[in-house]
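Asks: Not my notes, these are from Swiss-Prot:
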{"type": "BINDING", "residues": "D32, A33, Y34, Y35, D36, S81, L82, E110, R133, E170, K289, K313", "note": "NAD(+) binding site"}
{"type": "ACT_SITE", "residues": "K112", "note": "active site, N6-AMP-lysine intermediate"}
{"type": "BINDING", "residues": "C407, C410, C425, C431", "note": "Zn(2+) binding site"}
{"type": "DOMAIN", "residues": "590-670", "note": "domain 'BRCT'"}
Amino acid sequence: MSAIQLQIANLVNELNQHNIKYYVDDAPSVTDAYYDKLMQQLLALEAEHPELIQSDSPSRRVGGHALDKFSQVTHLKPMLSLDNAFEQADFEAFNKRITDKVGTVDYVCEPKLDGLAVSITYRNGQFERAATRGDGTVGEDITENVRTIKSIPMGLRGDGYPELVEVRGEVFMPKAAFDALNARQQAKGDKTFVNPRNAAAGSLRQLDSKITASRALGFYAYALGVVEGEVQPMEPSHFGQLAQLKRWGLPVSQEVKLCDSLEKVYAYYDDILNRRGQLSYEIDGVVIKVNAIPKQLSLGFVAKAPRWAIAYKFPAQEEMTLLESVDFQVGRTGAVTPVARLQAVFVGGVTVSNATLHNADEIARLGVKIGDTVIIRRAGDVIPQIVAIVPEKRPQDAQNIVFPTHCPVCQSLVERLEGEAVARCSGGLFCEAQRKEAIKHFASRKALNIDGMGDKIVEQLIDKELVQSPADLFGLTASMMTMLERMAMKSATKLVAAIDAAKTTTLARFIYSLGIREVGEATAANLANHFKSLAAVREAGVEQLLEVADVGEIVAKHIRHFFDQAHNLEVVDKLLAAGINWPEITAVAEDELRLKGQTWVLTGTLTQLNRNEAKAQLQALGAKVAGSISKNTDCLVAGEAAGSKLAKAQELGVKVIDETELLVFLGLAG
């Protein structure tokens, strides 16, 4: 190593250690002036010798070249959201579910930061990649922007860290940084941000990382994600793993506390609520997690959230305002929803001018009229709702809210079925509002995932009568697309190609895309795995549908009702005729489940089957598909760039096959 290289390496190491002391240990070891002097020395040396710039140099935090767009990242392990508790009774019910299954537990309590969840990957101790949560499965690559956040180390401290470490945490904007940013925006005549969360989101999603670098974002780690190639055993508790993250140089909130009783959990909640305004960052509740990792694994997950954690939200903020009028909106399933138009009021960090009234029963329960003064609450600090009226402020000319008998969009009759609170337009796809929402849903990422088919394009297609149903999308040509605003031939050709590519999907996605009431992603997947074919789903009676996991009587009736409607069957048949297809899910008799009781693991990149297809095929044969290798693993399927799982399988003597052998085994070769 040359003298210049050694000097640069020493400066990088010293500056990084000072960063950790400042941001992680909260114990600055040098003055700001001294730190700045070291940084200027490093920048000068790097300017003279750009070929010697290290990957973990703090100089890289100033931002690099602007991007054209963010690329997508598939998370190594889903980034789930949390279920919410809004009252003590909600948390007590959560605690009962926990203790009924795994006995007494300790909880870890930590502030629920009002920011953005991110995933950060370190390989061999070096910062490699960062991504947003996105939809939980796929996020956006924000590596260059996260690199500019000074509290996030570019290299892990110490030793003993695994080959691959994924850290989950929250990026936020401190209150002081938010105030300073808005002052700068105002001075320049630019738009100001409503709250720190929006400012953090806007800063993190800048295509130009120099802009991100100019905004003082913070970060706290709150969990480990995927870990591969452990050098030493990981801590068996969440509290221990947070301490481990801090030892590696990652910032962890000082407010985290281990509580061994419900009384201590409630005391923590009350304390942090009382000190909320004194904290340097915005929070909107407390996250409570089961401490013991083995008990977390035993409790497992539901479709969208872990069973072992909950967000205990703070009481929502409330304000009074005037209800000026009520409009009625029609949704994708025909639901007619009354929307209150309000005199704008600032509640919980945002300006609120609309609030849902839900349905006729809710209007009657509130006794609300047009002209009333109402109390607005942001439920969970997110969704504005009217919780009460102020009777003494009611004017003499207050007007009753009259629910429409005919759809405000298509004039079809509005019906309300016995036992249901929601009134619905009977127009189906004849109703323009339902058409628009149905096609938006059909094209959405979790359904057919038509790249580039945004809401505004769908609205134009329907307004120009180019599309009447989802099936009509597949008859569009590039020349037809150019009739839309700001749609040149190149963009039109690209969009038509995306529509064509969406024809190949999965049965679960197709079922979800149909927009059947109460059938979400998880239920659609359960229907696909249970019945194996669309024909079987179409023909299933209510009793057969009730045999499917998570399908109750109401959902079963909705599914049956959907497929009993001639116009729905016509749309489905047109979609199939247009060429929509998916890999066949082979039905296997119980005595033919040749992998029943076996545990398989997939690793690396598969080139002919995607990971979900391979997993579905193995599960159809009775296998459990796990995410990590252990002595109980029966077989590892190793794709390209298999990595540490392959090495561990070989070490444990686990059977290993490649993708070609898997295809032969599944009868899909050739």
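Placement of Cβ uses the backbone N, Cα and C atoms for every residue, glycine included.
Keep in mind that what you see is a predicted model, and the values were worked out from it rather than measured.
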Asks: Out of K112, C407, C410, C425, C431, the recorded positions in the record, which is closest to K289 (NAD(+) binding site) when you go by Cα distance?
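Replies: So, of the listed recorded positions, the one sitting closest to K289 (NAD(+) binding site) is K112.
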Asks: Write out the long-range same-chain contacts of C431 (Zn(2+) binding site), meaning residues 6 or more apart in sequence whose Cβ is under 8 Å from its Cβ.
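Replies: Those within reach of C431 (Zn(2+) binding site), by Cβ under 8 Å and sequence separation of 6 or more, are V330, G334, C407, V409, C410, S412, C425.
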Asks: Just to verify a number: CA distance, Y34 (NAD(+) binding site) to K112 (active site, N6-AMP-lysine intermediate), in angstrom, no decimals.
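Replies: Computed Cα spacing between Y34 (NAD(+) binding site) and K112 (active site, N6-AMP-lysine intermediate) is 35 Å.
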Asks: Using Cα coordinates, what distance in whole Å links L82 (NAD(+) binding site) and K112 (active site, N6-AMP-lysine intermediate)?
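Replies: Cα to Cα, L82 (NAD(+) binding site) and K112 (active site, N6-AMP-lysine intermediate) are separated by 11 Å.
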Asks: Please report the Cα separation of R133 (NAD(+) binding site) and K112 (active site, N6-AMP-lysine intermediate) in Å, rounded to an integer.
Replies: 16
Asks: Out of Y34, L82, K112, R133, C410, which of the recorded positions has the smallest number of neighbouring Cβ atoms within 10 Å?
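Replies: Across Y34, L82, K112, R133, C410, these recorded positions, the one with fewest Cβ atoms within 10 Å is Y34.
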Asks: Would you mind checking how many other C-beta atoms are within 10 angstroms of the C-beta on K289 (NAD(+) binding site)?
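Replies: Its Cβ shell of radius 10 Å holds 21 other Cβ atoms.
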Asks: Other than its own, how many Cβ atoms are within 10 Å of the Cβ belonging to C425 (Zn(2+) binding site)?
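Replies: Excluding its own Cβ, C425 (Zn(2+) binding site) sees 27 Cβ atoms within 10 Å.
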Asks: With DSSP, how much of the domain 'BRCT' (590-670) is helix, how much strand and how much coil, in residues?
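Replies: Within the domain 'BRCT' (590-670) the tally stands at 30 helix, 18 strand, 33 coil.
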Asks: For R133 (NAD(+) binding site), what is the secondary structure state per DSSP, taken as helix, strand or coil?
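Replies: Coil, per DSSP.
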Asks: Compute the mean position of the Cβ atoms of C407, C410, C425, C431, which form the recorded Zn(2+) site, and then list in sequence order the other residues of that chain whose Cβ is within 8 Å of it.
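Replies: Result: V330, G334, P408, V409, Q411, S412, V414, S426, G427, F430, E432, A433, Q434.
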Asks: Taking DSSP as the reference, which of helix, strand or coil describes C431 (Zn(2+) binding site)?
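Replies: Going by the DSSP assignment, C431 (Zn(2+) binding site) belongs to neither helix nor strand, so it counts as coil.
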